[in-house]
Amino acid sequence: MAIGNWTEISEFILMSFSSLPTEIQSLLFLTFLTIYLVTLKGNSLIILVTLADPMLHSPMYFFLRNLSFLEIGFNLVIVPKMLGTLLAQDTTISFLGCATQMYFFFFFGVAECFLLATMAYDRYVAICSPLHYPVIMNQRTRAKLAAASWFPGFPVATVQTTWLFSFPFCGTNKVNHFFCDSPPVLKLVCADTALFEIYAIVGTILVVMIPCLLILCSYTRIAAAILKIPSAKGKHKAFSTCSSHLLVVSLFYISSSLTYFWPKSNNSPESKKLLSLSYTVVTPMLNPIIYSLRNSEVKNALSRTFHKVLALRNCIP
């Protein structure tokens, strides 16, 4: 329905990787499908193992379980639709579908930032106050910290998504991305978005920088505590408990920061798609691999669980 020069848009078209040849898109489909399945299986396995094995009923693995839930949600929001655009060329997404995808993208993204900060604090308490660790990080405290990590996603996602989709859209309805991210959708708005853009920039900086500063503060104190440990074996053991989390934090923050804080003149739509893939598709797959390969407790728990499953199968006639 036309209103002046504005057109009421009922759906959007995700350009995804349509500029690439069909053969390349087919290859991308197989690649992303494999990554998607590995992500779901890997994170589901982390959840099941940390629940089933009594040795992993500590605060560290409680937060790791939360991270795995989050990564599964991230993948379910982004990847299925992207696979549809590559396989069946189903590039359309409804107005409500686009808003819903953007909402949950913001929700899971913000939650991950704060959850990574909470996990860093957990490591700080474990290394700097080992004797008081069970008391400080009791069941009630860890539940509160987890809730505090998930909660900020709700107001941020609600305000940003509701505000953006209250603007009128005109002209093209083509979103030059593989999902409904804020910057490419904002380009389709035919109204003054200066105030929204200021809010988005300030909000993004706060959401990224506050958890990042908390992580840096935690690891600065952790590093100081590790340096005071007299034995090399003790230092190695303390560092090994943090190395997996540090690697996960680095992957997430470097890729997301390059996407949203890199100068626009140096960041083409295609390069932004690649950067977005790193933290929406690749990082969720790598997290369970990093934690399982670099953590002996998780590896041992996986081995115990595997042997229990084999034993149960052998008992069944």
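Counting begins at 1 with the first residue displayed.
Yeah, the Cβs are placed from backbone N, Cα and C, and that goes for glycine too.
Model, not experiment: these values are computed from the prediction.
Each residue in the topological domain 'Extracellular' (1-26) has a pLDDT score, and their mean in this model is 75. Summarising the annotation, Swiss-Prot assigns topological domain 'Extracellular' to 1-26 (among others).
Per Swiss-Prot, N-linked glycosylation site is recorded for Asn5, and the stated evidence type is sequence analysis.
Residues or ranges marked as transmembrane segment by Swiss-Prot: 27-47 (among others). Same-chain residues lying 6+ beyond the ends of the transmembrane segment (27-47) with a Cβ under 8 Å from its Cβ atoms: 17, 20, 64-65, 68-69, 71-72, 75, 79-80, 82-83, 86-87, 281-282, 284-285, 287-289, 291-292, 298, 302.
Taking Cβ pairs closer than 8 Å, the topological domain 'Cytoplasmic' (48-55) reaches residues 61-62, 64-65, 297-298, 300-302, 304-305 in its own chain, all 6 or more past its ends. The topological domain 'Cytoplasmic' annotation in Swiss-Prot covers 48-55 (among others) and is backed by sequence analysis.
Annotation source Swiss-Prot lists transmembrane segment at 56-76 (among others).
The topological domain 'Extracellular' annotation in Swiss-Prot covers 77-100 (among others) and rests on sequence analysis.
Secondary structure at Cys190 (disulfide bond), as computed by DSSP, is coil. Annotation source Swiss-Prot lists disulfide bond at Cys98-Cys190.
Marked as transmembrane segment by Swiss-Prot: 101-121 (among others).
Remote same-chain partners of the topological domain 'Cytoplasmic' (122-140), defined as residues 6 or more beyond its termini with a Cβ less than 8 Å from a stretch Cβ, comprise 59-60, 63, 218-219, 221-222, 225-226, 238, 241-242, 245. The topological domain 'Cytoplasmic' annotation in Swiss-Prot covers 122-140 (among others), and the record cites sequence analysis as its basis.
The transmembrane segment annotation in Swiss-Prot covers 141-161 (among others).
For the topological domain 'Extracellular' (162-198), same-chain residues at least 6 beyond its ends with a Cβ under 8 Å from one of its own Cβ atoms are 5-7, 9, 11-17, 77-78, 81-82, 85, 93, 95, 98-99, 101-102, 105-106, 269, 272-273, 276-277, 280. Look at Swiss-Prot and you will find 162-198 (among others) tagged as topological domain 'Extracellular', backed by sequence analysis.
Per Swiss-Prot, transmembrane segment is recorded for 199-218 (among others). Residues of the same chain lying 6 or more positions beyond the ends of the transmembrane segment (199-218) and with a Cβ under 8 Å from any Cβ of it are 109-110, 113-114, 116-117, 120-121, 123-124, 152, 156, 159-160, 163, 182, 249, 253, 256-257, 260-261.
The helix, strand and coil residue counts that DSSP assigns across the topological domain 'Cytoplasmic' (219-238) are 16 helix, 0 strand, 4 coil. Positions annotated as topological domain 'Cytoplasmic' by Swiss-Prot: 219-238 (among others).
Per Swiss-Prot, the feature transmembrane segment maps to 239-259 (among others).
If you look up Swiss-Prot, you'll see 260-272 (among others) marked as topological domain 'Extracellular', on the strength of sequence analysis.
What Swiss-Prot lists as transmembrane segment is 273-293 (among others), and the listing cites sequence analysis.
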Considering the disulfide-bonded residues Cys98, Cys190, which residue's Cβ sits among the greatest number of other Cβ atoms within 10 Å?
-> Cys98
Which residues of the same chain, at least 6 past either end of the topological domain 'Cytoplasmic' (219-238), have a Cβ under 8 Å from a Cβ in it?
-> 120, 123-124, 127-128, 246
